[in-house]
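As annotated by Swiss-Prot, domain 'PDEase' applies to 97-420, with the evidence given as sequence analysis. Marked as active site, proton donor by Swiss-Prot: His173. The feature divalent metal cation 1 binding site is assigned by Swiss-Prot to His177, His213, Asp214, Asp323, with similarity to another entry given as support. According to Swiss-Prot, the feature region 'Disordered' maps to 422-446. According to Swiss-Prot, the feature phosphoserine maps to Ser426, an assignment based on a large-scale study or a structure entry. What Swiss-Prot lists as phosphothreonine is Thr445.
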Amino acid sequence: MSCLMVERCGEVLFESPEQSVKCVCMLGDVRLRGQTGVPAERRGSYPFIDFRLLNNTTHSGEIGTKKKVKRLLSFQRYFHASRLLRGIIPQAPLHLLDEDYLGQARHMLSKVGTWDFDIFLFDRLTNGNSLVTLLCHLFNSHGLIHHFKLDMVTLHRFLVMVQEDYHGHNPYHNAVHAADVTQAMHCYLKEPKLASFLTPLDIMLGLLAAAAHDVDHPGVNQPFLIKTNHHLANLYQNMSVLENHHWRSTIGMLRESRLLAHLPKEMTQDIEQQLGSLILATDINRQNEFLTRLKAHLHNKDLRLENVQDRHFMLQIALKCADICNPCRIWEMSKQWSERVCEEFYRQGDLEQKFELEISPLCNQQKDSIPSIQIGFMTYIVEPLFREWARFTGNSTLSENMLSHLAHNKAQWKSLLSNQHRRRGSGQDLAGPAPETLEQTEGATP
């Protein structure tokens, strides 16, 4: 199992628009060309760091020495460690929660398996540590810590790495989204049709993949990276660019933390490969591939969940559902997620306009309204997948609940869109964007 040995060292950076070639340096897998003139607000970008650590990046190098492992340290974590060693007090010290907040958070965790779990409230109660707190609880409640003999301190350190490698300034692709997907995955792992077949390894893989599936997301989509000639797009040959990066980053953190170092090498290699297969399945461009295969299995009634391959396939489907389940939440939460993802689209559109690039589909705030985007997303992406998931679960209580929320939320967006058109005197179709437009915009499709 190879791993891209990288040093993540800064967020989205754009070259001067006067240059003939415009490119983007995304947080992750990036080599800076200079040490001076780095804007102070860029996360983890400090000129005193020795940028030679970023050199000699390879696509398939094995990690065999401590020196190589050190390259996997993210720039942000490297900076935090180095300034602490120099005796500099962090600018944002840890604020401890009072007992009232901790008590409320613990009470919420007692209901973590319910579909109306409010991840936004939970994130506030945990002072922005929803992902770490949730995963520590789930690893314990599923018996994974005992089964895999995981060290609690090492587990916590790894989870903090994952949480910190999400960009808090992203409206949508941030650690709260990862926590929301993880909570949904937990609910799906409890579905009776699936739960009785799952092994501890399946459960751990599902939770880890859900938590890390968008780690280090730059807040722009794959087409943006391709048209700006970003080096990650070249590295992964324009195929599942972000998903490959999320996977490689996850493996880097697993190895750096040594969370699984006590397990047999063959087992850790298998875990890394399966995590890759799960995370890569979230590529929206593969939606039809997975949907067609799921329909065929259900039609032929040939799913054998005692078979590891079939079980892994259903874990992929479960993760895909968890990743795009926002429209199936209650309206108050679903609406908030919709506004967040569209805000992220619009920010990308603003960047494209600023640098005289063609504005990507769904990213033009003047033309692409939130109701229109969401109606198309629900119609062409969410509904087909969740209908098949309901067939698989035998129309379980949770599946019926999700489809009910989906229908209600779609009606709400149609009503809002109709009101918008009445105000504008437009007779535009209420169907939303075409499916090919949605698939072109990875992430609209959150």
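Any Cβ shown, glycine's included, is placed from N, Cα and C.
Structural mapping of features recorded in Swiss-Prot.
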{"residue": "His173", "record": "active site, proton donor", "Cβ neighbours (10 Å)": "26"}
{"residue": "His177", "record": "divalent metal cation 1 binding site", "Cβ neighbours (10 Å)": "24"}
{"residue": "His213", "record": "divalent metal cation 1 binding site", "Cβ neighbours (10 Å)": "29"}
{"residue": "Asp214", "record": "divalent metal cation 1 binding site", "Cβ neighbours (10 Å)": "28"}
{"residue": "Asp323", "record": "divalent metal cation 1 binding site", "Cβ neighbours (10 Å)": "23"}
* Would you identify the secondary structure of His177 (divalent metal cation 1 binding site) according to DSSP, in three states? => helix
* To do: Summarise the model's confidence over the domain 'PDEase' (97-420) as a mean pLDDT value.
  => 98
* Structure fact -> Taking only the CA atoms, the spacing between Asp214 (divalent metal cation 1 binding site) and His173 (active site, proton donor), expressed in whole angstrom, is 7
* To do: Look up Asp323 (divalent metal cation 1 binding site) in the DSSP assignment and reduce it to helix, strand or coil.
  => helix
